[in-house]
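Written out below as structure tokens is the structure these notes cover.
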Ligand SMILES: O=C(CO)[C@H](O)[C@H](O)COP(=O)(O)O
């Protein structure tokens, strides 16, 4: 099978199913993530909470930093590019990372176009807040979707909202007659072919992780019970009082998301979770989820 085919790109994403992908900024954090059982790490310059507090333009990380992380771990290494910044993506593909996140957490580079991901051999993951946005990204070649949530807030409410919207729309589409799908596709501004595929499968055609605001093992399990295929965690681990303990507990909670006895045990004595932010305290420009369309 040829490297870079759609089947392989989606297949790679599927292999992370049921797992936790952790944001890391250096090799030390990457090792903590690997030892805790993360299925992959996401290399970036700052975790979203620090991107928020430092302001300015957030860009792709220095390739040397990403390489340091790639050398430190045996699990897949992903890295982020700005929305629409296809040259950052070319650089990461040349570097040999395993997946690219075209992420609203970085400052968008293009106000109109996302990256044409079908031109790349490397798989991409993209954020979405509803089914239309998810299917538009898949149409552009995304091999994996994640809910946007509101990254760096430690507040799960937006991730829950986005997952409930997507799962609700999938249920809606499943119930529709074939001819009703035309209208529905127009309404959510998504390609009819992908709407039909979603209706037939009864799920998104690619793996759908939860992201943006997961701060505790209970948050991770909540997202899994709402239908996520896995979880991205950034700030929740490395802005907590005890990153090693949080990393392990969130991995356990994701794997045993429907076993309250296990969730009880892994939630004990972790120390303080990351400080959270109330969403209504954010101005429009601070709401990272508004980036992309
Ligand atoms: O940026 C990401 C995806 O592009 C992160 O993986 C995720 O959204 C992190 O959010 P948080 O810091 O709230 O865990």
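Cβ from N, Cα, C; glycine included.
These figures come from a predicted structure and were not determined experimentally.
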### Query
Among 4, 127, 132, 213, which residue does TrEMBL name as a further D-ribose 5-phosphate binder in the site formed by 23, 152, 234, 235?
213
### Task
Might you list, by sequence position, any residue in that chain lying six or more from residue 152 (D-ribose 5-phosphate binding site) with a Cβ less than 8 Å away from its Cβ?
47, 48, 49, 50, 51, 52, 105, 212, 234, 235, 277, 288
## Note on the structure
Neighbour count check, CB within 10 A, over recorded positions 80, 164, 213, 235; minimum at 164
### Query
Which residues in the same chain, at least 6 apart in sequence, have a Cβ under 8 Å from the Cβ of residue 23 (D-ribose 5-phosphate binding site)?
41, 42, 44, 47, 48, 232, 233, 234, 235, 237, 238
### Query
Other than 23, 152, 213, 234, 235, which residues of the chain come within 8 Å of the D-ribose 5-phosphate site, judged by Cβ distance to the Cβ centroid of those residues?
47, 48, 49, 105, 151, 153, 154, 212, 214, 233, 236, 239
### All-chain count of other Cβ atoms within 10 Å of residue 234 (D-ribose 5-phosphate binding site)
30
